[in-house]
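Novice: First the structure, which I've put down as structure tokens, then a few questions once you've had a look.
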Amino acid sequence: MTIFDNYEVWFVIGSQHLYGAETLRQVTQHAEHVVNALNTEAKLPCKLVLKPLGTSPDEITAICRDANYDDRCAGLVVWLHTFSPAKMWINGLSILNKPLLQFHTQFNAALPWDSIDMDFMNLNQTAHGGREFGFIGARMRQQHAVVTGHWQDKEAHTRIGAWMRQAVSKQDTRQLKVCRFGDNMREVAVTDGDKVAAQIKFGFSVNTWAVGDLVQVVNSIGDGDINALIDEYESSYTLTPATRIHGDKRQNVREAARIELGMKRFLEQGGFHAFTTTFEDLHGLKQLPGLAVQRLMQQGYGFAGEGDWKTAALLRIMKVMSTGLQGGTSFMEDYTYHFEKGNDLVLGSHMLEVCPSIAVEEKPILDVQHLGIGGKEDPARLIFNTQTGPAIVASLIDLGDRYRLLVNCIDTVKTPHSLPKLPVANALWKAQPDLPTASEAWILAGGAHHTVFSHALDLNDMRQFAEIHDIEIAVIDNDTRLPAFKDALRWNEVYYGLKR
């Protein structure tokens, strides 16, 4: 069972009584056929639920009102099978607070050249019914998605499925609770921000709990639970000699297991699905949570270090969006560069906390090594390299008057040399279009040093995320040129200033 099983998307057909009972009967019949086929064959993440025809203002408004108050409804897919005068939709759309997609399709794929008549034309009017619906959306300044294509087309299926992921993610975000264990890293700017504005814009709440509250739960964990979790470590990872039974760091592994169990219990009891820690606020914990955080991220929790609640929330959101897709999603940080003409590289990592969902297939190494930052006992961590291939890194920043999402398309590459003295998980990539352009654009746009790294999602997913939340997006990819990028930032400043 996944998070998508908790939601459904309503399929709404727009028409009108002008065409008579027989036409409306055929519209209903077609709608039932399409919905059944999509649910059976399209591999959509959510179930489509067909609602009664929308043929009058009252019917349409009732559907929109019901959608708002049904917690299982993640959004609406609207098909204008016939012409549906858009003034009928104004009241409903004005109150609708769920994501909306127009599926611009028709029942038949090919025109029946020899038999087409006006009855056929009146029944199959998506071509201009969809335009009428589009006008009222533009007139009302209502953000909605449009997918054009025949309902049997696999590309249309893929695009609807991707939108469904966004719709479910938005509903989950409205319920998301982010727990900050301690505060932000002292004097750091980008990890701070307006938590009230974030809740107004996205819906997630951010609050702080004292590390002592967590420590109390951690200390309540019994040896039996710890032993069971250690057995799981033994079967899932390759343990270094120091971390095995009778190894000199075995107790550190047990303490890491205690912290993991305590953190998970605390998060479950509080209904949290994202959290932060900071190495400056660990009072009562024997080690910086490394292994615990890595494993919790792999289970779907959002996380970021140094109190960075925006990145923690974004990671959770992107974890939900990518549920069931191939490839992983992780907290990440641009750490250091390899400058080589024509082969500039970025080595990404963090002190400990990189999610194993992005790891290569072989078992990660479980090790305990010294960590100078934090002043605690040596922490346990998983060490691995990352899968290769196309990926993205994304950052959500608070500009005071608005939020900006930055996305850099990257190409993850194999590490050309072993890293015997680097005791942390890492990813190596080439930034698009090149490191100088990507880094300068990122810096000029104010992108954070913390990011969410994903093999599972792509630029189109993040564009949809920005659209569905009505926030600015700045894209850095192979098409980026710095003069045009700077111009876009200036234009956005004017646009969002006027929009306020």
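A Cβ is built for glycine as well, from the same backbone N, Cα and C atoms used for every other residue.
The following feature annotations were taken from Swiss-Prot:
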- E306, E333, H350, H450: Mn(2+) binding site (BINDING)
Novice: So of H350, H450, which of the binding-site residues has the fewest other Cβ atoms within 10 Å around its own Cβ?
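Specialist: Checked H350, H450; of these binding-site residues, fewest Cβ neighbours within 10 Å: H350.
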Novice: From the centroid of the CB atoms of E306, E333, H350, H450, the recorded Mn(2+) site, which same-chain residues not already listed sit within 8 A by their CB, in sequence order?
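Specialist: Once E306, E333, H350, H450 are set aside, the remaining close residues are A304, G305, D308, T311, F331, M332, M351, E353, H449.
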Novice: Using all protein chains in view, find how many other C-beta atoms are within 10 Å of the C-beta of E306 (Mn(2+) binding site).
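Specialist: E306 (Mn(2+) binding site): 24 neighbouring Cβ atoms within 10 Å.
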Novice: For E306 (Mn(2+) binding site), name the DSSP secondary structure in the helix/strand/coil scheme.
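Specialist: DSSP call for E306 (Mn(2+) binding site): coil, neither helix nor strand.
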Novice: Return the residues near E333 (Mn(2+) binding site) by Cβ distance under 8 Å, restricted to its own chain and a separation of at least 6 in sequence.
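Specialist: Within the chain, E333 (Mn(2+) binding site) has Cβ neighbours under 8 Å at G305, G348, S349, H350, H449, H450, T451.
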